[in-house]
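Peer 1: Here it is, the structure in full.
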Amino acid sequence: MADLPINFIDIAVLTVLLLSGALAFMRGCVHEVLSVGAWVGAGLATLYGFETAQPFARDIIAIDLLADIVAGVVIFVVTLVVLSIISRVFSNRVRESSLGALDRSLGLVFGLVRGVLLVAVAWMLMTWALPNPNERPSYLQEAKSARLVAATASALESALPESLRHQGSSAAGQAQQGAKDAQDLKDAYDVLSRPKTEAQDPKREPGYNEEQRQDLDRLFENQASENGSGEQ
């Protein structure tokens, strides 16, 4: 792999593009577009039909939370199944007609575009989680496709509403901080359970060294700040 001009990130990007394009080519553009429409329609039906179905679900199920979940899932699944059946019937007729070749060709284009968007979204989420380029793995920076994917992700991010970008970046930052706090907690636990002492050296004080004490102080400060925010 080291001798190849590309790394496994480039291979992963290429695999996503090829799989997405191949699936869309076999199914046809009409089927792919209607499939996306079915998922969007199911989501909208759940969003706007939930309040209507909620009272009926709560009359049947005693637990309100469970009733709400069941109501939302039933609306989404039923709508998705119905729309998927309609889209499949319509797309099969188009594929078997004289427009079948054109449908498959457009499907290939649709699949490639979809693959590019999937990769761009993944890159955008990565940049939200790791905003500092120096913290990102070197293999991401060394990938031949990194520049093109980053440009596409940047264009996609600029098209998003400011509120959505802020929420996504905040959520990614909180997840990263949570992972860091968990690692600090684990390190502190390891220090507490296995303190490093060097009795052989009479010049060293027994117990924890300065670095270990700083880790413990940082852990206690994080726990105190979390408890304070929880009480508020």
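Glycine is treated like the rest: Cβ placed from N, Cα and C.
What TrEMBL lists as transmembrane segment is 6-26, 33-50, 62-86, 106-130. Marked as region 'Disordered' by TrEMBL: 166-232. The compositional bias 'Low complexity' annotation in TrEMBL covers 167-180. What TrEMBL lists as compositional bias 'Basic and acidic residues' is 181-220. According to TrEMBL, the compositional bias 'Polar residues' annotation covers 222-232.
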Peer 1: Applying the under-8 angstroms CB criterion, which one of 6-26, 33-50, 106-130 scores highest with the transmembrane segment (62-86)?
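Peer 2: By the under-8 Å Cβ criterion, the transmembrane segment (62-86) pairs most with 33-50.
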Peer 1: Can you tell me which parts of the same chain pack against the transmembrane segment (33-50), counting only residues 6+ beyond its ends and a CB-CB cutoff under 8 A?
Peer 2: 27, 68, 71-72, 75-77, 79-80, 83-84, 86-87, 90-91, 110
